[in-house]
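Asker: Below is the structure I would like to discuss, written out as structure tokens.
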Amino acid sequence: MLPKLLTSIFGSRNERLLKQYRRVVDQINALEPQFEQLGDDELRAKTEAFKQRVADGETLDQLLPEAFAVVREGSKRALKMRHFDVQLIGGMTLHNGKIGEMRTGEGKTLMATLPVYLNALAGKGVHVVTVNDYLARRDAEWMGRLYNFLGLTVGVNGPQMTREAKQAAYAADVTYGTNNEFGFDYLRDNMVTEVADRVQRSLNFAIVDEVDSILIDEARTPLIISGQAEDQTELYLRINAVAPLLKKQIGEADPRTGEGVIEAGDFTADEKTHQVVLTEAGHEHAEALLAQAGLLVEGASLYDAANITLMHHLYAALRARHLYHRDQHYVVQNGEVVIVDEFTGRLMTGRRWSDGLHQAVEAKEGVPIQAENQTLASITFQNYFRMYGKLAGMTGTADTEAYEFQEIYGLETVVIPPNKPTQRRDELDLVYKTSRERYEAVVKDIQDCYERGQPVLVGTTSIENSELISKLLEKYKLPHEVLNAKQHAREAEIIAQAGRPKAVTIATNMAGRGTDIVLGGNVEKQVQFIEADDAIPADDKLRRIQQLKDEWAGLHEQVKAAGGLRIVATERHESRRIDNQLRGRSGRQGDPGASRFYLSLEDPLMRIFAGDRVKAIMERLKMPDGEAIEAGIVSRSIEGAQRKVEARNFDIRKQLLEYDDVSNDQRKVIYQQRNDILESKELGAQIAHLRRGAMTDVVRTFVPVESVEEQWDIPGLEKVLRDEWQLDVPIAAQVDKSDAITDEDLVEMVAKTADETYAGKVALVGEEQFSGFERAVLLQSIDTHWREHLAALDYLRQGIHLRGYAQKNPKQEYKREAFELFSTLLDTVKMDVTRLLMTVRIRSTEEVTQAAEALEEKAEAISNLTYTHPTEDGGVAVEADPATEVANRMAEVPRAGRNDPCPCGSGKKYKQCHGRLA
């Protein structure tokens, strides 16, 4: 009660913001007559003047009224479109880093030009993010006319572009592209081995179009770049030879009595969970067998950190041999292991078991072993977009998800009023007992609209339902178009004409999104075709264009008289927002329209959440077959069900983010280290810091902190330094000579000797030459161990929920163990880099250059890169890297060395020319 009272007195937060923005709109409108007097060149010159004022310290907020007035005037001249006052309000909303909810057809694309222009004046770049490549190119070409007219440059960042083309796109003042491509470029930039290969600038300001689709619907699937790891065929074959020598235990021991074992063995196998566990005796037997096979050092344990992968491979081999059976779980076809779906019995061609199990089965069956896929880099959209200095978004439907935008991204949602009040009539839902009755009613409604000349958009939740309705319409001989969000350019054209009289268009939720449905059809497209045709004389062009416009005006009035665009929805989506998006396609710019949802008790949402209640009402009213129930209580029940699903989905996304935040913090540290290494001209201090840490760790293994001489193992320390680090340090002699030597003195002595030895090595070839080798060693080590760390985090994540059974908080356990894994990663990099640099024997400049290039080539040797990303229809796509495909086609050609002249004859080095594609 009190919040409502306060709102009625002071107005809501949304109303107060709109009031504040309207005051600025008055200032912009007052400037319009002044800017109308300027010539085109004078208007364009304003851009340079604004840039200078920003450089001199003026803020963008101070420039806003003038800049918005310039964009509005430029748009009138370049696009023949004038920004409405509500679009100016929307522009301010986006500039202030908020989400603007603007109804479909109110001109979001044009609205975005205002904050884009203003923020581009700072010279740091602005990214406009769209849901698909077609929209990115369309908007860049369409709005690019305005930006170019005002003196700004525009770039399009698309897939399959060369590095140089991407760098040019990012260097532009305004860059259009898809969410997937921006994210993948960020990941690729953090995999390069040279600064010149990076494409992105700093992440300054992004405006996300259809922000709900990108930041909510697609946020459950991370972006992943993966590639084939190093070939471990030999290891799989050798472990496959060990697995048959281990005996399966029959029966399981009771933890209290120890009874229950029928026949003792080396491991137990659980057919239900498909897991194996070694017994105590089995561990000892396995260690002995692995040592005999030369896979395990004599006396080492399978539990040692260094042998974790060995244990993993042994378990995979035992599972493959005892729990996965040919012609039950898989078949062998054409020399490949193909998985059989245990529920349907169908072959799942192309699918592979993870964790090395598939390779273990291949080794068991004696077919060629295919390399394991390894995650090279990954990031969620939540964590990528939160890196921008300023983030804004626009959509037709955000208010239902306002809480999530605020909670996850810190983005406030502002509902922007329409330019003209809506005239769309949203009718109550009709609920039928069966799907068959529902579809009959849908077809009847479509037939009625078709006969009256009213255009219909039929919304479905799946491609399967689209095709079902299409078949029903064919049966009744009703002409129609079907869109499934697959061919964006063609679908945009069909959607643009979906407002013509008698048009029937069936579309899944996402199909044709971003394109307005204009009543009477889209005359602009047809005008563009005539203008682009050079064969038509100029006078004839004008006559034809006028004829088209007159014809359209007649059709427009005809459709308005028939009731505007009718939305017929065949099912409720689990999200109210997506239902609202469908409704919002009708009634644009104050046009008439209508919408209705046809439901059945067999729909998943009804069945799970509201079915029993509605069924009881139907039975009480004794509804005959084919009759529908139409009541507010039903619609409210369904909305309540949708709220429950939305809350559950929000919890899933929030939980995903909480886990990903752990790896994100670690990702930032690793990527920052990589960037420091790439940009640093001299790595001596960094290497010295690592060397000091490594030497301290080695000494502390034999000489504990604050210990006395009797506790020191001097012979052991001298042996390790000599054998593993090639350091001859006379520690024993020094200890005998001195009366008061401490453990700290020993650390100093070893560190000093290591520094002197290393300095001598660097002096042989020169500091500048050796620095390139140091950089290659550091990057190679960080990248290799980071990939292994990502796999380790993945393993940890998959089983962490089981900690709940032990009364432990899985999230806290994940954070703690992930931190321990990360500390181990940093220690491993420190020891690996120092050991390699201390023990490598380099005597000439040529040797150091060759060694650095060999490491770079190894870093680039990861093959068959694939990109995993969410799709608009809610699925997940896995695409091959175009550069990898080119490299595979070139594989038969003898490869040139990195520094050899490129075979194409350009005169450049191979690595700077076609070597980049490989």
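Residue 1 is the first one shown; counting continues down the chain.
Using the three backbone atoms N, Cα and C, a Cβ is placed for every residue, glycine included.
Quick caveat, the model's predicted, so the values are computed rather than measured.
Just lifted these from Swiss-Prot, have a look:
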BINDING   Gln87, Gly105, Glu106, Gly107, Lys108, Thr109, Asp516  ATP binding site
BINDING   Cys902, Cys904, Cys913, His914  Zn(2+) binding site
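Describe the structural context of each listed feature in the structure shown, including burial, neighbouring residues and relevant distances.
Answerer: Note on Thr109 (ATP binding site): other Cβ atoms within 10 Å of its Cβ, all shown chains, come to 17.
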Asker: What is the total of other Cβ atoms whose distance to the Cβ of Gln87 (ATP binding site) is within 10 Å?
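Answerer: The Cβ of Gln87 (ATP binding site) has 27 Cβ neighbours within 10 Å.
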Asker: Within 10 Å of the Cβ of Gly105 (ATP binding site), how many other Cβ atoms can you find? Include all protein chains, please.
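Answerer: Its Cβ has 22 other Cβ atoms within 10 Å.
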Asker: I'd like to know which of the binding-site residues Glu106, Asp516 has the most other Cβ atoms within 10 Å of its Cβ.
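Answerer: Selected residue: Glu106.
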Asker: So how many other Cβ atoms are close to Lys108 (ATP binding site), meaning within 10 Å of its Cβ?
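Answerer: Counting Cβ neighbours of Lys108 (ATP binding site) within 10 Å gives 23.
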Asker: Identify all same-chain residues not among Gln87, Gly105, Glu106, Gly107, Lys108, Thr109, Asp516 whose C-beta atom falls within 8 angstroms of the centroid of the ATP site's C-beta atoms; report them in sequence order.
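Answerer: Close Cβ neighbours, site residues excluded: Met102, Thr104, Leu110, Met111.
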Asker: Mind computing the max CA-CA distance among Gln87, Gly105, Glu106, Gly107, Lys108, Thr109, Asp516, which the record assigns to ATP binding, rounded to whole Å?
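Answerer: Largest pairwise Cα separation, rounded: 16 Å.
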Asker: Are there residues of the same chain, six or more positions away from Gly107 (ATP binding site), whose CB falls under 8 angstroms from its CB, and which are they?
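Answerer: Once residues fewer than 6 apart are set aside, Gly107 (ATP binding site) is near Met81, His83, Phe84, Gln87, Asn419.
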